[in-house]
Amino acid sequence: MWESKFAKESLTFDDVLLIPAQSDILPKDVDLSVQLSDKAKLNIPVISAGMDTVTESKMAIAMARQGGLGVIHKNMGVEEQADEVQKVKRSENGVISNPFFLTPEESVYEAEALMGKYRISGVPIVDNKEDRNLVGILTNRDLRFIEDFSIKIVDVMTQENLITAPVNTTLEEAEKILQKHKIEKLPLVKDGRLEGLITIKDIEKVIEFPNAAKDEHGRLLVAAAIGISKDTDIRAQKLVEAGVDVLVIDTAHGHSKGVIDQVKHIKKTYPEITLVAGNVATAEATKDLFEAGADIVKVGIGPGSICTTRVVAGVGVPQITAIYDCATEARKHGKAIIADGGIKFSGDIIKALAAGGHAVMLGSLLAGTEESPGATEIFQGRQYKVYRGMGSLGAMEKGSNDRYFQEDKAPKKFVPEGIEGRTAYKGALQDTIYQLMGGVRAGMGYTGSHDLRELREEAQFTRMGPAGLAESHPHNIQITKESPNYSF
């Protein structure tokens, strides 16, 4: 042990390049899909980080529509986080099998509150909550000129000439019915009982976002972060009840007894849920988490742009080596890893995937998009969004202190492992994802990789020094026009 103390040399993204290879594939034809687990297939290998300035329901919806996955952060109350998950699951459905409904005796105020909370434009009305026989429908059109919201729904709902369809109606058949009758919602009934709902918006979204990552019921995929704190059991329970697809046990040091015990407990309690555990940086840690029951291991100790773990605690492994070491172990188990942190350009994404990652987790590259929950600021005439590490003082005071095993400390005693800052505003997420995946596609074309599995197994690296890195970036020129996929 003593003799091997300095034996290991590690590499990160700026130390390596992929070697071009003979290719018979064009970038537009490569396959970017990845099967992370039995129940979680993504159409692009990108996951938005579970950080309080990166991912809430708005980001998670946008990520899933692009084919990726969003992790709802846990710096909020249990019920609030479950609501965020439910917003994602209800944002898009092929067929809504358990639609919201109200009864005629409830108030218009209650209908308005429900429709506003879940951003829906109408709700079916049933005779009672047990029999659920359809008796009407209430839409924004019915509420347009209502001034007294205390009146009962029965006084304003549409009751006559209701258009319905049987439960086995396909989306194609539903679209024709909706267009014929110029309506937006089609209740599905069996013997008069409400059994489902199809909306024109859901049909339009299927057409607009054909690459969306969905579950077996046609709903968008969503993940949520949990920790190892006192509220973890109830938090996990509420998230599962809300329909979460992936639970992420998110800690700064995944190779610890508390995390391993939590993995065993969560997997035993919810065996049907895809379970991610991390963060780690070694093969040994990866092995222990997989043996404890994790489906996926998240890799990265301190590489993030807002993380100070490596300088505060002096601990970490440069990210390319960490990914490769953990992926080498993951191959023995037939399971996946997520490369989390340190990614600055699209070229770093493909390096992470070629080194063994099945997907990457992004924070800083997405924090500036419209869909992130970070506050918008104007600084020196430019627009920015707030971005902070979950180990920053602000994030720890809000609830992420358990991630760094400081749950029992008073705020004045916190030892932060992250900073708070701002990142340039980038506009819509889909534009950023388009550029990032364009770079990945280009890299796969250069390496002759038809899909991500081939990239992982066949791509080769060359090491480079500081001169090679300098040569890789634009040099001997003053940049006068900013590129959408390069800033330095």
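Cβ coordinates are placed from backbone N, Cα and C, and glycine is handled just like the others.
Residues 468-488 are the range that Swiss-Prot records as region 'Disordered', among 363-383, 405-425, 468-488. Checking the candidates Ser256, Ser305 against Swiss-Prot: the one annotated together with Asp340, Gly341, Gly342, Gly363, Ser364, Tyr387, Arg388, Gly389, Met390, Gly391, Glu417 at the IMP site is Ser305.
Across the domain 'CBS 2' (157-216), the DSSP tally of helix, strand and coil residues reads 20 helix, 17 strand, 23 coil.
A simple way to gauge crowding: the CB of Gly391 (IMP binding site) has 26 other CB atoms within 10 angstroms, across all the protein chains here. Neighbours of the NAD(+) site: apart from Asp250, Gly300, Ile301, Gly302, residues of the same chain with C-beta atoms within 8 angstroms of the site's C-beta centroid are Ala252, Gly278, Asn279, Val280, Ala281, Lys298, Val299, Pro303, Gly304, Cys307, Thr309, Gly316, Asp340, Gly341.
The shortest Cα-Cα distance from His473 (K(+) binding site) to any of the binding-site residues (Gly300, Ile301, Gly302, Gly341) is found for Gly341. Across the structure, Cys307 (active site, thioimidate intermediate) and Gly363 (IMP binding site) are spaced 11 Å apart at their Cα atoms. Listed in sequence order, the binding-site residues from Asp250, Gly300, Gly304, Glu471, Ser472 having a Cα within 10 Å of the Cα of Gly389 (IMP binding site) are Gly304. Of all the binding-site residues given, namely Asp250, Glu471, Ser472, none has its Cα within 10 Å of the Cα of Gly341 (IMP binding site).
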